[in-house]
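Contents: one structure, followed by commentary.
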């Protein structure tokens, strides 16, 4: 009964105190409303503040007039215990909210600007600095957007609210105080857990919305970056502070105290992440948790790491923070941003694993959505650095830390399931065609790292592993991109080590190292490729590799000269002079090709050749009995005899020189010779290691054949291109030699005589048979030479002295060893493009029938490499004919071919790159005046073709998954804009053109105009 009486007495006192507090609040509000002077407002506020906080009248007496100082001293001050009761009733009841509205609106808009600094600090700001943090946030934050109100100065209200938020939340750590309040069990004695969650949710929603509600000119500390950074720091400090205090508490007591803090932090983290500031949130978390992990790893405790993290005060709250984030999307964003920021910290595998374990270890075990995020999204959908991939595999797949001692301590079932999911995605051809290069590298690395952790028993337990891995390797080895083939080689190596560790399978020379680079070179910083389609070197290097099995040839330079990738250096042998040697005409013709730039012909005879002083070699090696080819018909016959390897090899040695000599029978044998060269199998007629040298000679001979006899040889090569009797390597070789021949024709050099005026004989005073006095300065006069022969001379002889050339040294009698005729004084070496006249013969037959599926030929499907090379070749052709009338004729059919859906929307990125290259070459080849004329005359083919180039390139640049396609598309758009600008200038400069500013590259019926950057905006 005594207890019940005490409860009634306490309740009665509480009700009485509430009445007194509300009565006091009403009196203060009434005094503020009736005030005529600012000092009256200060005294009224002091009368309430002194009942709540420890204030000294002297702190504000100097800020008010003497007439009001007596009122300050007359105010009754309650005791310290009574102030505590007043404070609790004031802030927990309805009194504070009613009084705060007066402070934030009436006082702020009418009186606060007149407050002295000390008065504002002690009788105004004190109500917010010393009050209940959760209540203060709920009344101040809405003032950032006061809404429509005619009786208040909204600007003053907003400015005051911003000042209070900066003062309370950022400068005086009001958020940290809120964590203390939520951790105190006494605060929620009379409310349920659901009500507590609502209060915490409302408080976190208001705090995290402050940067969104702040006006544009608000203090910089209220910007999202700075505000959330300070907010996160206070939340973590508050959690760590209470974790250190609860040392001797039981598990139940610990959970009870930390429950409010963890809920508050989880709600705040979820809302910060949703507002796009997960990077700011993680930057603060990483600084603290990284120091924690490193201190534990460097300790010498006998406990395991997991036991230390779970038991040591100051560390335990880390295990609960992410679990309190109920929003799965926010958890995914936090995990993704955490991995990306940790990758920049250069952590080892152990540190990265334990950080993931501390933050996500609990939630990963309890929530299937989080497990799906790590083992599905983070391994198949996202792209992380390789170091992050290793952490993910150890944490989510193996479920063991990297330094675990037992080899079978990992989760074998989880590893097998993960490998199955990876192989299903990795083996699909659609994945290779449609995924970006970075995505393919990442999934390949994930599969390879998982396979490296497996043993043969794990592989046998994986569903369809053998079939899927071999399928993925097979489809990648068919790719023309070296990086894709290297992925297949790496997986094949790891897979073979599981099957038989003693016999690894090396499909690539770069995979010989023990450690495989799972970044495949993409992690190293590279310079941005220069977007110049004029040369398109990046695309040309990849397109120019001839994919012959066991033989890979690359272009060097822009003239199409080919050099083998690896050539065995042969020691030069000493050749003796044989007086009975049979002279080979092929060696005599165009001998200068071997010594084109040499100047040995001016050396002295006694020093030009030391071999002339050597004795003859009298041994008979039958060299004079070996057959030497001097006629093209013999070369054709030898090439057709595949069983005579030596004869085929010798025929290849002399083919190019005989063809360059341009004999009369060349035009009659060009077709048969080209066919024979294409059908030669270099791998069968040469010894091992010499295949590339023979292949190089074969291709040089074909290039020379096309250059010297274009029409006859092209007819034969075009028939072979789509013939079912050649394989894919031969088709690619035909395209390569045609490309090189076109470039050689485009860069041909000719000797042209210089026109000099000739003086007529009748106009000269000298006899016609007398030499003219032309010559270098310092030349002597002509003198007639007396003849000692018969007295009847039918001709006159003259001589004169010439000056020595600069730097010439006289050594006596000399002779010149050179078969190359020097350029005469009246001859000049000119560059002449000989390709345009043959452009149609090069292009049109190759463009016919590319979309037809024949026996052994399927360019749109299986043979997409040939299709890509064909389109690239056509682009080179149109570029070689640039600015010539032939380019204007050939552009329309080429654009029509590129526009076909089977080509422009091909599944393989290799083909799309070739299309973009060819389209860029068309833009370079067309003369601006021709484009302008096509616009004026309404040339539908050109207009629609150019419109398609811009539209399609824009679509590729925005949505294509291949990075090279994006780069080439942007270059194509740039060239299109430049071409449009040049065409506009051509129209403006033409006479009688009044609509030059509104150019349309489309048919007259279309209202679309060309888009010129920065001009139509």
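Positions of Cβ are set from backbone N, Cα and C atoms, glycine also.
Any TrEMBL annotation is an automated prediction that lacks curation.
Since the structure is predicted, the reported quantities are computational estimates derived from the model, not experimental observations.
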In TrEMBL, which of 499-537, 538-576, 655-693 is labelled region 'Disordered'?
538-576
For the region 'Disordered' entry in TrEMBL, name the matching range from 705-724, 725-744, 745-764, 765-784.
765-784
The average per-residue pLDDT within the domain 'Telomere length regulation protein conserved' (631-742) comes out at 86
Helix, strand and coil totals (DSSP H, G, I; E, B; other) for the domain 'Telomere length regulation protein conserved' (631-742)
88 helix, 0 strand, 24 coil
